[in-house]
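What Swiss-Prot says about this protein:
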type: COMPBIAS; residues: 1-16; note: compositional bias 'Low complexity'
type: DOMAIN; residues: 53-305; note: domain 'Protein kinase'
type: BINDING; residues: Leu59, Gly60, Glu61, Gly62, Ser63, Phe64, Gly65, Lys66, Val67, Lys82; note: ATP binding site
type: MOD_RES; residues: Thr208; note: phosphothreonine
Amino acid sequence: MSEQAQPQASADQQQHQHNHHHHHHHHHHNENQSQQQVPIDPAANPANRIGRYQILKTLGEGSFGKVKLAQHLGTGQKVALKIINRKTLAKSDMQGRVEREISYLRLLRHPHIIKLYDVIKSKDEIIMVIEFAGKELFDYIVQRGKMPEDEARRFFQQIIAAVEYCHRHKIVHRDLKPENLLLDDQLNVKIADFGLSNIMTDGNFLKTSCGSPNYMPAPEVISGKLYAGPEVDVWSAGVILYVMLCGRLPFDDEFIPALFKKISNGVYTLPNYLSAGAKHLLTRMLVVNPLNRITIHEIMEDDWFKQDMPDYLLPPDLSKNKNSKIDVDEDVIRALSVTMGYDRDCKIVNVIEKANKQVAAGNSSSQQSKSSNEILDAYLLMKENHALVKDLKKSKSENIESFLSQSPPPSPFPNRGSTSSAPGVQQSLTYQTLATVPDLSTLPNSTIAILPTSLPSIHRAYMAETKQNGDPSQQHAPPPTKKSKTRWHFGIRSRSYPLDVMGEIYRALKNLGAEWAKPTEEELWTIRVRWKYDTSAQFECGSAPNLMKMQIQLFQLEPNNYLVSFKFSGWESAHGNAGTDSPQSHRQQDLDEVGSFSAYPFLHLATRLIMELAVNSQSG
């Protein structure tokens, strides 16, 4: 494992970084220290320690919890600890899904993606041990201004290769921005927050985070369309390339609505000093209509992009492997058994044999079960990781050590839940790794898989091509069925003017005695509702929550066609802290029962709202 040297920074630079990060969470920080990593005395400050990691400082806070800088007691290697609060996850009913997705993300091994080394679980927290990078591309641009095209292209090639790698394995970032692009000591890009902070949860068609005027969301994100797909990453990568080449943002306005209008209209200028090739690529990426936007694979075929392209960044030739037999690699199987908890004979080998039989018969592997497809995806991903490492070792690059995907630091946490610690050190919590995963049948279905695009016309064309040619990379395609003209949507559709639709919803909510939060400027088409529901029939304890929360959101399906979506958002007590008089165990039991006893309260209130809307439309 190559040790990572930390950059030196002046007080002014540190202050700039502090000001810049006040609304972000990251896995890096500039340190005033020598470049040599010195192991920490095992007896030092045991209270501020998690396992064999000594916590040094807090780097920031995210939506799930805090991010801390830590150092391994034995090796002195610095890592970032992303500490996720289980209670926060439980409120959104995401814990099982997050654990499953984290275990999948542990398999991601690309030279230009921040690596998830390990996952530690305690009773109250899930702790992710993450690769630590000390610099940020944003600061590099601020200090140097616009870059020469050769330098910008080198960074851009690394970014696109990492994005392509994740898209190929059904993960989309959706939050690419300079702050998420870190640099190691060899000035190689490391993309942070790939996957975890952008988990596509059921019921959330779109999850935006516009915390800064510098954030450049894609036009389809701003318009609030029913959409979440890889085209968003292409737009963001185009913005990043523009910033590197021009030293400024393509769209800039201190007034957020004016900024979003410029983005939606695609209003930007290209400096004359840019080469024709750079201009051509930017104009293909910064396209308002995602249907016409260049794809990641088309970017990788662009002449300007391909100049001086290192071989290790080239994706594998999938066309050669489309109908080829899958080899059984014992090293990969062994690693997959440890990482994901799959049984060798009953699970992994069996799935590979079934897939090979289907290939031999000319059938698609999509006919396998969802859990089998998941195992096959994980096996192929890890097999590609092994091949990537072999290719990198053959490379003649001078900075090969910084390219190699590092292994996790030596973990003191055995797979079966026991925790070792330094002699004389008493730990307040017992941690276990996530290496042994429960049976797949006990966990929610993973939502990490995505379609190549959610856009209707492209999706229809893609599915038609898949049906004709077959595509093992899209493991989750359903078997061919008779084409139906019926179009299904979750929610109710309307062709009325959007503001009229929202007005009718507010009027119906008022008539039914519901409450709602005042919407922010960024969420004009979202209503957060609180509705009293009678729980007295189910619970004798007065501490049981009786306010059901619902989120109502308006989406645009196509021109002049809109969708109203209803989503259950949990429970809340009408008595505030009045329930604290009852024992904690009783309150938790009530909460558990309310959260699991039935879906009918939500369906009942949603039905009442839909009926009220129908009555209002008839009377109007």
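Just so it is clear, glycine is given a Cβ too, placed from its N, Cα and C backbone atoms.
Positions of the features from Swiss-Prot, shown on the structure.
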residue: Leu59; record: ATP binding site; Cβ neighbours (10 Å): 22
residue: Glu61; record: ATP binding site; Cβ neighbours (10 Å): 13
residue: Gly65; record: ATP binding site; Cβ neighbours (10 Å): 21
residue: Val67; record: ATP binding site; Cβ neighbours (10 Å): 22
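Classification of Gly65 (ATP binding site) by DSSP places it in coil, neither helical nor stranded. Regional average pLDDT for the domain 'Protein kinase' (53-305) in the model is 80.
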